[in-house]
Amino acid sequence: MDEDPEEGLLGWGETVFRDEHVFEIDYVPEVFRHRESQLQTLQYALRPAVRGSRPLNVVARGPPGTGKTTAVQKLFGELSGQPGVQTVRVNCQVDSTRYAVFSRVFEEIFDYEPPSSGISFKKLFGQVAERIADDDEVLVVALDDVNYLFYEDEAGDTLYSLLRAHETQPGAKVGVVVVSSDLELDVIEALDGRVQSVFRPEEAYFSAYDRAEITDILRDRVEVGFREGAVAEPVLDAVGGRTDEAGDLRVGIDVLRRAGLHAESRASKTVEMEDVDAVYEDAKHVHLSRTLAALSDNERALVRTVAEQEGDRAGDVYDVFNDRTDLGYTRYTEIVNKLDELGVIDAAYEQRSGRGRSRTLRLTHDSEAVLERL
């Protein structure tokens, strides 16, 4: 008997996925592996909130893609079911000023946005503090990617306002979870003395997953997100290896999603290595894509200029950048420093023949990959 040429092919209404949302960035897994000690630290710090007391503050730090945000989301999900506790997670990539942070907190507490203009920070802050005191609630705020507040020199004032809320409004109880992926940033040391004196956090370090842990976590996603048998163990193991090389779990999760879509484009019921190979180049830049997407127009303009003037002195890059944006040198330097801290560019001092030491700007990623994502 001849083999059926359509065997192993998807029908029009079929998919390799059981639940595609499993591979989205906001998905919180039911099973959260290899982070038991970090969760215990967070639970220890936040447990007083359930009893109506001010929780301990926490710094959660570690490389990108190591479960920090997921840990916070899981605990906040548990706390949200407790009476008298209000949790707010702020994405500091998006809300990178003190005013923006408190606007986000206001929106979560009141269920509507504050006026877009005409309301001072003092009034905004006062309304937030008064509301939680009047409702006798404990407010727990997570500043996710807090490094962005530091890049904008907004971290100290933001934390100070949150942690001193009880002085402005008696009865206001606020705890803060600070999440940072910048390993060169010492959050506590970077704060001035007035903030350090009231912050005094517990610390939870999220180390990079090893290859076995990565494969465990990806296997959980495959079992929940794909149809049975869609991803064979050798393919999963290969994705785990490439994820380990990339050093970011999110790369592996994105590879699985893209590979599944690629398999569907071939009408295949299974994800093969050819699908992984076809999508890996795009998926491995997932962190770069998100970083670039969060930049302002002027910051993106500077990235583009550095790509075009690769290896030029900072002064020469500024001349081109200034022609395009009209920004002054002080603001230019601030943007250079931010992009350097984000790991988008390398702004190093080098010895130049006959010119002494000067700052040279280079991209830290392949220029073609950067320009494609701007």
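The chain as shown is numbered from 1 upward.
Each residue, glycine too, has its Cβ placed from N, Cα and C.
Counted within 10 Å of its Cβ, the other Cβ atoms near Gly67 (ATP binding site) come to 23, all protein chains included. The ATP binding site annotation in Swiss-Prot covers Thr66, Gly67, Lys68, Thr69, Thr70, Tyr209, Arg221, and the record cites sequence analysis as its basis.
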So among the binding-site residues Thr69, Thr70, who's got the most Cβ atoms within 10 Å?
Thr69
What's the most sparsely packed of the binding-site residues Lys68, Arg221, counting other C-beta atoms within 10 A?
Arg221
Reduced DSSP assignment, Thr69 (ATP binding site):
helix
Relative to the Cβ of Thr66 (ATP binding site), which residues of the same chain, six or more apart in sequence, are found under 8 Å away?
Phe206, Ser207, Ala208, Tyr209, Leu249
